[in-house]
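**Student:** Let me give you the structure first, and then I'll get to my questions.
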Amino acid sequence: MQLQEILYGVTIIKLVGSTNRETSALTFDSRQVIPESAFFAVTGTVSDGHKYIEQTIAAGARIVICEVMPEVLNEQVTYIQVENTSVALGIMAANFYGNPSAELKLIGVTGTNGKTTIATLLFKLFRELGYHVGLISTVENQINETVIPATHTTPNPLALNQLLRQMVQAGCVYAFMEVSSHAVVQHRIEGIHFVGGVFSNITHDHLDFHKTFDNYIKAKRAFFDALPKTAFALTNGDDKNGMVMLQNTKASKKSYALKQLADFKARIIENKFSGLNLDIDDTDVFFKLVGSFNAYNLLAVYGTAMLLGEDKLTVLTILSNLTGAEGRFDYVSNAQEIIGIVDYAHTPDAVQNVLSTIQNIRKGTEQVITVIGCGGDRDKTKRPVMAQVACDWSDKVILTSDNPRTEDPQAILNDMEAGVSPTNKRKTLSILDRKEAIRTACHLARKGDIILVAGKGHEKYQEINGVRFHFDDKEILMEQLNSIS
Ligand SMILES: CC(=O)N[C@H]1[C@@H](OP(=O)(O)OP(=O)(O)OC[C@H]2O[C@@H](n3ccc(=O)[nH]c3=O)[C@H](O)[C@@H]2O)O[C@H](CO)[C@@H](O)[C@@H]1O[C@H](C)C(=O)N[C@@H](C)C(=O)N[C@H](CCC(=O)O)C(=O)O
Ligand SMILES: Nc1ncnc2c1ncn2[C@@H]1O[C@H](COP(=O)(O)OP(=O)(O)OP(=O)(O)O)[C@@H](O)[C@H]1O
Ligand SMILES: N[C@H](CCC[C@H](N)C(=O)O)C(=O)O
Ligand SMILES: [Mg+2]
C-alpha cells in the first residue's frame, strides 16, 4: 500500500523524504522488521523503540515514524516525526487494513470487572439471534465459531485491525470487544469506530500502571469521551463513578441499575447456586449465571441488546439459557458433595463479590476455604487487600502463588501476608506451590464445604520468569476432589 494512503488523519510535525512509496508492512518491533516496511518507534514502559531505528533500517525498513528525529538521516528512508507514535500507529494501522471497524457495528466494553463476561454474553446472544459476530476478549478472540487465541485483553492496533478485517471478511455484522484501561492509555483503540460503549464498574486495580485512582478513572472515561454523537454510552447507574464516565461524552447517555433510577432496571428475586432469578423491566426471568454481580452483567447485556433494537422477550429467552465465560464462577463437585469453584477474581472487589455471593447462597454451616495468590509485575498495593478480603469472607484461607512472572513468589506472598490481621492469622496457611495449595484445600474440606480457587480462572498456564508452564486450576481441582475417598 502507498504510504500517502495510510497517512490520512495523522498530524505530522516534520517530514523528510517521499510519501510516494510502497509499504509492505507496519511494525513497532525491530525484531519483526521486513524489507520495505514501516517502523514505529514507540517509547514503552521498559524500552524505547527509538534505540532500534538504525537496526531496523539495516534490516530493510524504509519508513520510520518517530517522536524524535535521529541525528543522522539515511537518504533511502522516509522519516515522519509525530507528537505521539502510538497515536500515529493506531490511525495508520486502521488505514492500512482499510478501516474495518467502520464496516462493523462494534461495541466496546470497559470497566474493572465484568468486561469478559459482558462481551462474551453479547457475543453468544447475537450469535443465537442469527448474526455473524466477532468477539475480542481476555479468554479468546472469536469469529463466529472460529477461535483465535488472545494474548492481551485488547490487542495492539495492528493485531486489532487485522482481526477486525478478518471479521468483516467473514461477514460479521456485530463485534464485541473488551477495552482495557492500558489499551486506552497506549492508544491501542485510536482510529477505531464504535457504535456503542458499555461501562461495568471501577474499583481498585492496575495502580502500578496508572499510579492514582484518578488517572485510572480518566483512562476509562477517555474511551467514552471519544465516542461519536451517533453512538450510545451505557453506564452502570449504581457505580459511584458510573455517571462520571459519561460526563464528557457526545454519545447518547443511557444507564442500567438495580438500585438507582435508570433506563434499564432489574431486581434480584432470588440468588442461588443454580442461578439468578431476576425481574428485568417487569419480566421475571431465571438465568444460569450465579451471583448478584452477574445481575449487573446480565442487565448491561440486555440494555445493549435493547439499544441495538432487538426484541425484549427474544433476548431474555436466549439470555436465560446462556452460561457465562470460562473460568468465571465455574463449579464442580465430588461424591462427598464438596463444591469447588474456579473464578478469575483478581481484584479486591471481585474477590469480595465472589465470596459474598458464596456466603449468601451457602446452605448452612459448611466451611468456605479460599485458595488465592496475586500476580507478579502487577499492582502491588492490591496484594494485602486481596488477602484481607479473602480472610474476612472465608473460614480458611490458603495463600499461594498466582503468576509470579519476574518477581520472587515468596516476596509476593509476604506482601499478601501483611494484609492478614492478627485475629485472621489462625485461619490462614501459606503454601507457595499452587498445586499443593489446592490439594491441601481439598484435604481440609468436609462434606458440603465450598472451595474457592481464585485469580486464574480460564488461564491454562502459570508464568514463572518468562516461561509459561501448563497449569489449569479447574483440572487440578477436579483431580484432587476426585482423589478424596
Ligand atoms: C505495560 C504494558 O501494557 N506493556 C505493553 C507495551 O509494552 P512496553 O511499553 O513495556 O514495551 P517496551 O518493552 O518498553 O518496548 C517499547 C517499544 O520498543 C520496541 N522494541 C523493544 C525491544 C526490541 O528489541 N525492539 C523493539 O523494537 C517494542 O516493540 C515497543 O514498541 O506494549 C507491548 C506491545 O504492544 C505490549 O505487549 C505490552 O504488554 C505487556 C506484555 C503486558 O503485560 N500488558 C498488560 C499489562 C496489559 O496490557 N493488560 C491489559 C489488560 C489489563 C486489564 O484490564 O486487566 C490488556 O489489554 O491485555
Ligand atoms: N460486574 C461485576 N462486578 C464485580 N465483579 C465482577 C463482575 N463481573 C465479574 N466479576 C468478578 O470479576 C472476575 C473477572 O470477571 P471478568 O473476566 O468478566 O472481568 P474483566 O473485566 O474482563 O477482567 P480483566 O480485566 O482481567 O480482563 C470474575 O471472575 C468475577 O469474580
Ligand atoms: N488482565 C489481568 C489479569 C490478571 C490475572 C492474574 N492471574 C495475574 O496474573 O495477576 C492483568 O493483566 O493484570
Ligand atoms: Mg477481561
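Cβ coordinates are placed from backbone N, Cα and C, and glycine is handled just like the others.
Grabbed the feature section from TrEMBL, which reads as follows:
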type	residues	note
DOMAIN	25-97	domain 'Mur ligase N-terminal catalytic'
DOMAIN	109-304	domain 'Mur ligase central'
BINDING	Gly111, Thr112, Asn113, Gly114, Lys115, Thr116, Thr117	ATP binding site
MOD_RES	Lys220	N6-carboxylysine
DOMAIN	327-457	domain 'Mur ligase C-terminal'
BINDING	Arg378, Asp402, Asn403, Pro404, Arg405, Gly455, Glu459	meso-2,6-diaminopimelate binding site
MOTIF	402-405	motif 'Meso-diaminopimelate recognition motif'
**Student:** With every protein chain in view, what's the tally of Cβ atoms within 10 Å of the Cβ of Asn113 (ATP binding site), excluding that atom itself?
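**Tutor:** Around the Cβ of Asn113 (ATP binding site), 24 other Cβ atoms lie within 10 Å.
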**Student:** List only the single closest residue to Thr116 (ATP binding site), chosen from the recorded positions Lys220, Arg378, Asp402, Arg405, Glu459 by CA-CA distance.
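**Tutor:** The answer is Glu459.
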**Student:** What three-state secondary structure does DSSP assign to Gly111 (ATP binding site)?
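**Tutor:** Its secondary structure by DSSP: coil.
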**Student:** Please work out the number of neighbouring Cβ atoms within 10 Å of the Cβ of Arg378 (meso-2,6-diaminopimelate binding site), leaving out its own Cβ.
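**Tutor:** A count of 19.
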**Student:** Which residues, sitting 6 or more apart from Pro404 (meso-2,6-diaminopimelate binding site) on the same chain, put a CB under 8 Å from its CB?
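**Tutor:** Non-local contacts for Pro404 (meso-2,6-diaminopimelate binding site): Gly375, Gly376, Ile412, Glu463, Ile464, Asn465.
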**Student:** Going by DSSP, is Arg405 (meso-2,6-diaminopimelate binding site) sitting in a helix, a strand, or coil?
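**Tutor:** Reduced to three states, the DSSP call for Arg405 (meso-2,6-diaminopimelate binding site) is strand.
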**Student:** For the domain 'Mur ligase C-terminal' (327-457), how many residues does DSSP put in helix, in strand and in coil?
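**Tutor:** Grouping H, G, I as helix and E, B as strand yields 49 helix, 27 strand, 55 coil.
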**Student:** Return only the integer: C-alpha distance in Å from Arg378 (meso-2,6-diaminopimelate binding site) to Gly111 (ATP binding site).
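**Tutor:** Cα-Cα, rounded: 17 Å.
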